[in-house]
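Below is one structure, written out as structure tokens; the observations come after it.
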Amino acid sequence: MDPTNSPQEPPHTSTPGPFDGPQWPHQAPRGMYLSVAVLMGIVVISASVVNGLVIVVSIRYKKLRSPLNYILVNLAMADLLVTLCGSSVSFSNNINGFFVFGKRLCELEGFMVSLTGIVGLWSLAILALERYVVVCRPLGDFRFQHRHAVTGCAFTWVWSLLWTTPPLLGWSSYVPEGLRTSCGPNWYTGGSNNNSYILTLFVTCFVMPLSLILFSYANLLMTLRAAAAQQQESDTTQQAERQVTRMVVAMVMAFLICWLPYTTFALVVATNKDIAIQPALASLPSYFSKTATVYNPIIYVFMNKQFQSCLLKMLCCGHHPRGTGRTAPAAPASPTDGLRNKVTPSHPV
């Protein structure tokens, strides 16, 4: 195909358009594309396995189907869709060195990755809010029921649709980004149309959920510390408090590590059109955010002992490896287990 026919490139250039042919060595060396393909391949396999396990185990074991666990399944579904619609597409494109599926599917990929990514992001915020309401009891003796959980899950999808559909209708757009093997919101063009959308997206889909997470977990930690202070200051209690603190810090840091580089890059590029950023460097925040689909279920689900028990029973065909026969011996609950399950819910507190 004649590269001068591509609408993405000015005439008289030897660089193919992002949908026309390999972008190496014009954007980056071929080795860079293959390295990203390897990373995306690892993410696709790992995220598909861990999120698939979360969904299957939650469906199979009734005791995991509590209202407070709905949001964890919602998060796993969103992460699985990001993997299927984003990471797998990026894997194929990086092997070929360009966006092989064409402009229309570029827009669809950008939309689907943004939609499901923001659903996952807001799922983390709703989970934090649920933990705050259940543990800190600002509403008194309020119990989450199925309708509350369904409402929370529905909100994440409706809110995300509200802010990811406009680029399909003319308010900004979805375009190839970085190495030009994945698509996302148009941070690059500038102008009031794009800048107003980027600013709105930043506030509604990053600042707001981050504020909710920080508020909820800060109050949760203070409540748990106050409860621990009323108990005997034994080594076990202190260990439980330290473990919960580390878990909360891990949750917040995982959120920031995933989304802060991406949003920072977007704002810098959107507000400084003259800045020159290497394509490989510009791609890092986007690809790095996709790795959250692997560690989200590990932090929020696999660290919960009740889920671990159900997972082991399923993988071992009903036989618990830590016990004899088909059931595991009951172990007394420790303060560590109790406080940890307040942060990563397996059942209402």
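Just so it is clear, glycine is given a Cβ too, placed from its N, Cα and C backbone atoms.
Note that the structure is a prediction, hence the values are computed from the model and not measured.
Here is what Swiss-Prot says about this protein:
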TOPO_DOM  1-32  topological domain 'Extracellular'
REGION    1-22  region 'Disordered'
COMPBIAS  1-16  compositional bias 'Polar residues'
TRANSMEM  33-57  transmembrane segment
TOPO_DOM  58-69  topological domain 'Cytoplasmic'
TRANSMEM  70-94  transmembrane segment
TOPO_DOM  95-109  topological domain 'Extracellular'
DISULFID  C106-C183  disulfide bond
TRANSMEM  110-129  transmembrane segment
TOPO_DOM  130-148  topological domain 'Cytoplasmic'
TRANSMEM  149-172  transmembrane segment
TOPO_DOM  173-196  topological domain 'Extracellular'
CARBOHYD  N194  N-linked glycosylation site
TRANSMEM  197-224  transmembrane segment
TOPO_DOM  225-246  topological domain 'Cytoplasmic'
TRANSMEM  247-270  transmembrane segment
TOPO_DOM  271-278  topological domain 'Extracellular'
TRANSMEM  279-303  transmembrane segment
MOD_RES   K290  N6-(retinylidene)lysine
TOPO_DOM  304-349  topological domain 'Cytoplasmic'
REGION    325-349  region 'Disordered'
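This view paints the features noted in Swiss-Prot onto the structure.
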residue	record	Cβ within 10 Å
C106	disulfide bond	24
C183	disulfide bond	31
N194	N-linked glycosylation site	20
K290	N6-(retinylidene)lysine	24
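Between the CA atoms of C106 (disulfide bond) and the residue listed as 'N6-(retinylidene)lysine' there is a gap of 17 Å, rounded to the nearest whole number. Per-residue pLDDT, averaged across the topological domain 'Extracellular' (95-109), gives 95. Count of Cβ pairs under 8 Å against the transmembrane segment (70-94): among 149-172, 247-270, 279-303, the largest is for 279-303. Within the same chain, residues 28, 188, 190, 195 sit at least 6 positions outside the topological domain 'Extracellular' (271-278) and bring their C-beta atoms closer than 8 Å to a C-beta of that stretch. Helix, strand and coil residue tallies for the topological domain 'Cytoplasmic' (130-148), in that order: 10 helix, 0 strand, 9 coil [DSSP]. For the topological domain 'Extracellular' (95-109), the list of distant contacts is 16, 18-24, 30, 33-34, 37, 85-86, 89, 167-168, 173-176, 180-183: same-chain residues at least six beyond its ends, Cβ to Cβ under 8 Å. Taking the Cα atom of each, the residue listed as 'N6-(retinylidene)lysine' and C183 (disulfide bond) are about 13 angstrom apart.
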